[in-house]
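This report refers to the structure that appears directly beneath it.
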There are 2 protein chains.
Amino acid sequence: MADFQNLGEFSKNNEAYVAGFASGGKPMPPARKALLITCMDARIHPEKALGVDIGDIHTVRNAGGRAVDALRSVTISQQLLGTTEIYVVHHTDCGMVTFSTPQLQSIVKEKLGHEDHTHYHEFSDSEQSVRDDIKLLRESPLVIPGTPIKGGIYDVNTGKITWLD
Amino acid sequence: MADFQNLGEFSKNNEAYVAGFASGGKPMPPARKALLITCMDARIHPEKALGVDIGDIHTVRNAGGRAVDALRSVTISQQLLGTTEIYVVHHTDCGMVTFSTPQLQSIVKEKLGHEDHTHYHEFSDSEQSVRDDIKLLRESPLVIPGTPIKGGIYDVNTGKITWLD
């Protein structure tokens with residue numbers, strides 16, 4: 001039987017969330033017609049950082065906030081749920097600058113005993129990675145041409161998002 | 001010049017978030033050693049729904065909360081940042097039950113003029129999709145064997161998460 005360290009507290013906390021939940025009945029398409037792509041980092045709470053309500057925006061998150069992992073989601077968001085603008089936010093002190101794909105493949109081989117051919121999409125500069133991801137989105141045949149795409153950097157020590165020109 | 005509908009309000013809201021941000025200086029590894037995989041749906045605010053603080057958990061989100069798009073992130077989370085348990089939460093009224101991959105590929109071809117070979121990983125039942133994703137994670141050579149993985153369904157009308165046995 002798996003032992004979950006957090007399940008009890010998550011369940012208790014969810015009861016409080018339910019008790020205060022007054023946002024039922026909202027439609028599936030995001031009210032603000034916006035999609036955010038950002039990192040899985042624990043120090044980012046995207047909805048609070050942007051001040052959005054339940055039902056407002058789509059949020060896609062992965063290691064680094066990389067667009068390459070988000071394309072399937074972007075297409076669904078744009079074509080089926082009507083979002084019209086994209087925000088790509090990476091952040092300071094990101095784990096993606098701390099390793100290389102060959103290093104992590106070696107760790108996987110050593111720890112798990114498997115050959116690992118994953119590209120981990122690490123980067124060395126968060127601002128450049130945002131610009132690279134905006135370029136990837138603009139050049140993707142799956143993204144609606146002309147979609148406004150804004151990049152930003154979230155400071156994990158202050159919560160401030162600095163938008164890039 | 002791209003016209004962003006939400007940038008002004010996001011920026012203003014972020015100022016308020018920064019003013020109340022008292023969580024700086026937290027380390028990169030998640031304090032609760034947990035990783036959540038959930039959907040990009042706008043009606044889910046995961047950190048509030050689980051009652052977690054800044055720095056507590058990794059959150060990976062994509063269309064449907066599918067594990068297949070999350071594997072790169074899971075490996076980074078487990079091998080480099082020490083998370084030890086995974087929560088997979090899909091939800092009621094999910095957009096992933098409303099279409100098929102061939103339908104969306106046709107829409108892309110019609111709207112964007114490109115042949116689209118993406119598998120969109122839609123599903124017909126949110127509970128089954130959670131179970132399928134837990135199975136995918138358990139069978140993946142990239143996930144640490146024996147990792148506790150808990151599935152749940154989030155009700156978009158009440159905010160309640162029902163955990164699966």
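Just so you know, glycine gets a Cβ as well, placed from its N, Cα and C.
What TrEMBL records for B:Cys39, B:Asp41, B:His91, B:Cys94 is Zn(2+) binding site.
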Residues from the binding-site residues B:Cys39, B:Asp41, B:His91 that lie close to chain A, Cβ under 8 Å, in sequence order:
B:Asp41
Starting from the Cβ centroid of B:Cys39, B:Asp41, B:His91, B:Cys94, which together make up the recorded Zn(2+) site, report each further residue of the same chain whose Cβ lies within 8 Å of that point, ordered by sequence.
B:Thr38, B:Met40, B:Arg43, B:Ile44, B:Gly64, B:Gly65, B:His90, B:Thr92, B:Asp93, B:Gly95, B:Met96, B:Ser126, B:Tyr154, B:Val156
Helix, strand or coil at B:Asp41 (Zn(2+) binding site), per DSSP?
coil
Please work out which residue of B:Cys39, B:Cys94 has the most C-beta neighbours within 10 angstroms of its C-beta, and give that one of the binding-site residues.
B:Cys39
Highest Cβ count within 10 Å among the binding-site residues B:Asp41, B:His91: which residue is it?
B:Asp41
